[in-house]
Each structure stands twice: as structure tokens, then as C-alpha cells.
Amino acid sequence: MAHALEPHAKTLAEAGGEASFGLINDYDPRMRIVMACVFAIITVALSTIPALTVALAVSIGLLLMSRLPIRRSLKRMAMMDSFIIFMLVLLPFSMPGDAMFTVFGFPASWQGLWKAIEIALTANAVILTLMVLVGTLEPVTLGHALHKLRCPEGLVHLLMFTIRYIEVLREEYLRLRGAMKIRGFRPGTNWHTYRSFGYLVGMMLVRAIERSERILDAMKCRGFSGRLVLLQSFNLTRRDVMFAAMLSAICLGLLLLDLL
Amino acid sequence: MHIVDGALANPVVIGGAVAAAGGIALGLKSLDLDRIPTAGVLSASFFVASLIHVPIGPSSVHLILNGLAGLLLGWAAFPALFVGLLLQAVFFGFGGLTVLGINTVNIALPAALTWMIFGRLIARGSPFQGAIWGGVGGAFSIAATTAFVAFSLALSGDEFLPAAKLVLFAHIPVMVIEAVLTGFAVLLARKVKPELFPKVAST
């Protein structure tokens with residue numbers, strides 16, 4: 001996770017606080033969530049390299065439309081690639097097929113190479129679209145939109161609480177780490193480190209539970225009856241419908257390209 | 001540990017989504033409205049705990065702690081870990097969208113299993129005994145998660161078998177680290193707030 005949070009990176013609670021995200025930002029959040037899902041399903045269904053390349057191009061187009069910081073977004077995407085790179089490198093060697101070349105007597109097949117490229121294209125296209133269409137939403141708006149899309153109420157409440165407390169608990173974590181540092185703790189590969197980290201996690205959890213008891217008391221004090229009232233309302237404008245129709249047409253085009 | 005979009009066969013993805021939906025429904029049912037704040041705060045703290053990087057030799061691993069999540073949350077670990085994965089995918093670009101279901105099952109089912117097997121053992125005996133069982137539970141949940149990930153890869157095609165084996169071996173050190181850390185976390189929780197585990201295990 002922390003690969004994604006560079007020193008100056010923002011966490012969820014503040015992520016949406018700054019400038020608007022260009023064209024994408026004006027669209028209806030519900031429509032963005034639905035279209036991200038549609039695009040993801042269509043892209044996963046594609047199986048030819050040209051169609052997948054176009055899909056990735058579409059998602060990069062969306063990124064350009066969104067005015068997200070391009071380098072940082074692509075860097076985050078590359079971070080995900082670093083996780084799957086081993087699997088992709090292994091694929092040409094593990095998939096039977098026409099030999100491309102051999103390394104230490106292991107033949108690498110063309111089929112495996114194409115399969116690896118296919119997976120890389122799919123994964124990147126989907127995650128980039130998701131980050132552009134849904135990741136630019138303010139986290140709380142995401143909760144409201146999911147609620148309006150008829151997600152179970154309990155799940156939405158859980159999501160809202162999680163979003164609310166990630167930042168609080170991160171500050172608590174940093175405070176505990178600061179306290180450890182000031183006492184001369186330096187992590188290394190040794191028993192002392194593991195024990196200290198274990199206590200750190202345990203302490204965080206104990207404090208989290210106690211905090212949640214206080215929160216519940218405070219909420220009850222203010223008349224919490226087990227329901228959060230989600231007031232934010234959205235309206236679907238013609239621009240939203242146009243955007244959705246355009247993206248659907250692109251998806252249809254991708255499917256046709258795939259069949260050719 | 002995250003599987004990405006496009007790697008798995010469609011039946012595996014769909015099966016994973018259905019199983020995840022079932023698990024989440026079950027978890028939500030066990031969450032009465034009084035427990036939602038607790039689950040939310042715990043879900044957030046597991047999100048933050050996964051930011052902790054533990055050095056191991058020249059490299060470092062980040063914590064998953066799904067065993068501990070299961071021990072504290074029971075079935076509610078399903079929705080809690082799902083929320084974590086959703087936020088990771090949407091805001092940090094880890095994992096994927098269509099594979100959200102299978103990823104949730106791979107992480108949350110071991111958590112729930114850990115709770116069922118070790119939940120009672122941890123609350124019993126001295127804190128030290130509880131910590132030992134906590135450690136075993138922590139190792140078990142990571143082992144089960146890796147096995148599930150390897151299994152879902154293997155189900156999708158034989159060409160993934162080497163990758164699946166690699167995943168298994170690469171996670172042995174992670175397993176050890178998580179075992180030790182979960183053990184100490186349980187030890188501390190048993191000493192500082194002993195009511196934590198019995199209370200949760202009985203609900």
C-alpha cells in the first residue's frame with residue numbers, strides 16, 4: 001500500500017479537497033460508477049490484442065480528459081504492474097506453444113508472450129479507467145452514489161465509517177511511530193523489531209476499539225438510531241446521458257473490433 | 001497477493017463474485033447497527049496496518065493481517081475487507097474491478113476460517129497461550145490466502161501453475177512474519193484489554 005503513498009501524497013480524506021478534475025468531474029457519480037463497471041466487464045471479455053490496445057487507448061484518453069496529474073497516475077498504474085511482472089515474465093515459459101527462444105533450456109512460447117501482453121493490457125486499461133472515473137470522486141460522494149445505486153445500507157455505512165477513520169488512524173499510527181523513533185527504535189530484521197511492530201498493531205487495535213466505543217456513545221448521545229441519513233442527491237443531465245452513450249458506443253465498437 | 005483484471009478465467013471470476021456476495025451478506029447480517037462503527041474503525045485500522053512495512057532481510061513486506069481481522073470481526077471480516085479492497089482499487093489502483101469478488105474471497109474467507117478455528121482458543125488460558133494460538137492463526141490465514149490465490153490461478157489454466165507455485169513459496173517468509181506479529185498483537189490485546197476477544201468470540 002505505502003508504495004502508493006509517496007511522502008507528499010494525500011490520503012483519502014483530503015484527496016478530493018483540491019482542484020476539480022476537468023471534464024470528468026461534472027458528470028453524475030452514479031453514471032461514472034456504472035460506466036466504469038461496464039467498461040471493465042467489456043474489456044475483460046475482449047481477447048484480441050488490437051481491441052485491447054484500443055481499450056487502453058480509450059482509458060488513456062479518459063485520463064487526459066480528467067486533468068489528473070498524468071505522471072503520478074501512470075506511476076501508480078506502473079506500481080500495480082510491478083506486482084504482476086513476475087507472473088507475466090513466467091507466462092511465455094509456462095505456456096506450451098511455438099518456441100520463440102530458449103533460456104537455460106526452457107523454451108519461451110509466442111502464445112505465452114501474447115497471453116502476457118493481453119493480461120497486462122486488460123489490467124492496465126481497467127484500473128486506469130476505474131481510477132479516472134471513480135477514483136476522482138470524493139470518497140464520501142462515492143458512498144452516497146453507491147447508496148443511490150442500491151448497495152446494501154450496512155455496506156455503505158461501513159464504507160463511510162472506514163473512509164472517515166482511515167485518516168484518523170493513520171495519524172495515530174504516525175504518532176506511535178514517532179514515539180518509537182524518539183526512543184531510538186530502528187526497524188531491522190530481528191526479533192525486537194517484530195515484537196515492537198506486533199505491539200504497535202495490537203495497540204492500534206485496542207485504541208481503535210476504545211475509540212469506536214466512544215464514537216458510538218457520542219452518536220447515540222446525538223440521537224443516532226442506527227441509520228445515517230444520506231442527503232446528497234444527484235441528477236442525471238443530458239450531458240451525462242451523452243457521455244454514457246458515447247462510452248457505450250465505444251464499448252460496442254471494441255466488441256465488434258474483437259470479433260473481426 | 002492482488003490478482004488483476006484479465007488474468008483469471010471467467011467462471012472463476014463469476015464464482016468468486018457470487019461467493020463474495022454471499023460472504024458479505026452473511027457478514028452484514030452479523031453486524032447489527034450498534035456494531036457498524038466498531039467494524040468501520042477496525043476496517044480503517046486494518047487499512048492503515050497494511051501500510052506498515054516490516055523489514056525482512058534486504059527487502060520488506062507489507063502486512064495483510066487478515067487473520068487478526070477475522071479474529072476480531074468474525075464473518076464481518078468479509079464486508080470490512082471488501083471495503084478495504086474497494087478503496088485500494090479505486091483510489092490507489094491496486095487489484096482490479098471485476099476481480100474484486102475473488103480477491104475478497106481469497107482474503108476474507110481465510111479470515112473467517114481463522115476465527116472459526118482459533119477464535120475460542122485465543123480467549124482461553126493465559127495471555128501467552130492465547131498469543132501462541134494467535135500466531136498459529138496468523139500463519140494459517142496467510143497460508144490459506146496464498147493457497148486460495150494459487151488455486152484460483154491454477155483453475156484458470158495450466159499455464160499459471162508455475163506462477164501459482166511461485167506465489168506459494170514467495171509467501172513463506174510473509175507467513176512467518178504475520179504469525180509473529182499477530183502473536184504479539186494478541187498478547188498485547190490480551191494483557192491490555194482482555195475482554196476484547198471473549199466478547200467478540202461469543203457474538
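Each residue, glycine too, has its Cβ placed from N, Cα and C.
Bear in mind that the values here come from a model prediction, so they are computed numbers and not experimental data.
Look at TrEMBL and you will find B:7-26 (among others) tagged as transmembrane segment.
What TrEMBL records for B:38-56 (among others) is transmembrane segment.
What TrEMBL records for B:68-91 (among others) is transmembrane segment.
If you look up TrEMBL, you'll see B:97-118 (among others) marked as transmembrane segment.
What TrEMBL records for B:130-154 (among others) is transmembrane segment.
What TrEMBL lists as transmembrane segment is B:166-189 (among others). Non-local neighbours of the transmembrane segment (B:166-189) in the same chain are 1, 54, 56, 61, 63-65, 67-68, 71, 122, 127-128, 130-139, 141-143, 146-147, 149-150, 153, 196-197; each lies 6+ residues outside the stretch with a CB under 8 Å from one of its CB atoms.
Remote same-chain residues near the transmembrane segment (B:97-118) are listed as 1-5, 7-8, 12-13, 15-21, 23-24, 27, 64, 66-67, 69-71, 73-75, 77-78, 81-82, 85-86, 89, 133-134, 136-138, 140-145, 148-149, 152, 201 (criterion: CB distance under 8 Å, separation of at least six residues from the stretch ends).
For the transmembrane segment (B:38-56), same-chain residues at least 6 beyond its ends with a Cβ under 8 Å from one of its own Cβ atoms are 31, 62-66, 68-69, 72-73, 76, 79-81, 83-84, 87-88, 173, 177, 181.
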